[in-house]
Amino acid sequence: MKINQTVLKEFILVGFSVYPHAQTFLFAVFFCLYLPTLTGNLAIMGLTWMDRCLHTPMYLFLSALSFSETCYTLTIIPKMLADLLAKDRSISSIGCGLQMCFFLGLGGTNCMILTLMGYDRFLAICNPLRYPLLMTNMVCGKLVASAWVVGFFISVIETALIFRGSFCNSNLVKHFFCHMRAVVRLSCLDSDLTEFTVTVMSVSGLMGTFLIIILTYVFILSTVLKIPSAEGKQKAFSTCASHLTVVIIHFGFASIVYLKPEASGGDDTVIAVPYTVVTPFLSPLIFSLRNKDMKNAFRKVLGKKFLE
């Protein structure tokens, strides 16, 4: 029997249309979360650019993470907000592929930059004398560029695997964006094999970077415990607290999305909200509120008269 294959020109993002009475409320909530997210990340990038005291690898990595997260949220949230108020929730096939590619690529880039930030803290605490030689601004830039290249190299492969064939099921994507699991289920090819392949690739990248971060913190902890003074220990821990908090939130929410068993049930749309909306909202808050250098840079920009 021949399979009825259809060349789809567009997909329909079902998203939150299954909750018709809550869409206006959801729009207000997500919009109120998105504005501080965008403002916070832009503020971090702007302060890092303007204040020469922040032109160090630690803050260059933070600025790179803020830029990556800004692009990441722009890929998903504006379209989601528009769909919450619009009746037409369609997205072209090309647009869907691009959204998926950028979502996966930027998500992978975020994971790698967080790993690089952990490596930076490892060098600063465990090899303080050699740190200025090992981690220069030039090295930092090359590492960030490598994170982008690797992140998008993997995302292009995953997107190509999903879109390599035609789609013979309905064009209804049961998500608020072109999530790989939701789209691959519409494929005419062996969707189970494709879904397994791209999931293994994503989970391997996710768990691999997380394990590297854990390993760096094992070395950091062992070094900090050898510091004789309590003040020295507290100072060392304070430089890592914000990063470690964001890592736990980022990888914790991501693991819920990618490690959730298929048969466990639950609405994938709702489960993805913490990873795509809440995590980017919390990240700039945690990094800026717990950082004295960022606060000092902010005071310089505003001026004392605005703070009195």
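Cβ atoms are placed via backbone N, Cα and C, with glycine included.
Here is what TrEMBL says about this protein:
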DOMAIN    40-249  domain 'G-protein coupled receptors family 1 profile'
TRANSMEM  25-47  transmembrane segment
TRANSMEM  59-77  transmembrane segment
TRANSMEM  97-119  transmembrane segment
TRANSMEM  139-163  transmembrane segment
TRANSMEM  200-224  transmembrane segment
TRANSMEM  236-259  transmembrane segment
TRANSMEM  271-289  transmembrane segment
Could you name the stretch, out of 25-47, 97-119, 139-163, 200-224, 271-289, with the greatest number of CB pairs under 8 A to the transmembrane segment (236-259)?
271-289
Report the listed stretch (25-47, 59-77, 200-224, 271-289) having the maximum count of Cβ pairs within less than 8 Å of the transmembrane segment (139-163).
59-77
Mind checking which residues reach the transmembrane segment (25-47)? Cβ under 8 Å, same chain, six or more beyond either end.
16, 19, 54, 62-63, 66-67, 69-70, 73, 77, 80-81, 84-85, 277-278, 280-281, 283-285, 287-288, 294, 297-298, 301
Take the transmembrane segment (200-224) and find every residue of the same chain, 6 or more past its ends, with a Cβ under 8 Å from one of its Cβ atoms.
104, 108, 111-112, 114-115, 118-119, 121-122, 125-126, 154, 157-158, 180, 233, 236-237, 240, 244, 247, 251, 254-255, 258-259
What same-chain residues lie close to the transmembrane segment (59-77): Cβ under 8 Å, and 6 or more beyond its ends?
30, 34, 37-38, 40-42, 44-45, 48-49, 99, 102-103, 106-107, 109-110, 113-114, 116-117, 120, 137, 140-141, 144, 147-148, 176-177, 276-277, 280, 283-284, 287, 293
Over the domain 'G-protein coupled receptors family 1 profile' (40-249), what does the predicted model average in pLDDT?
89
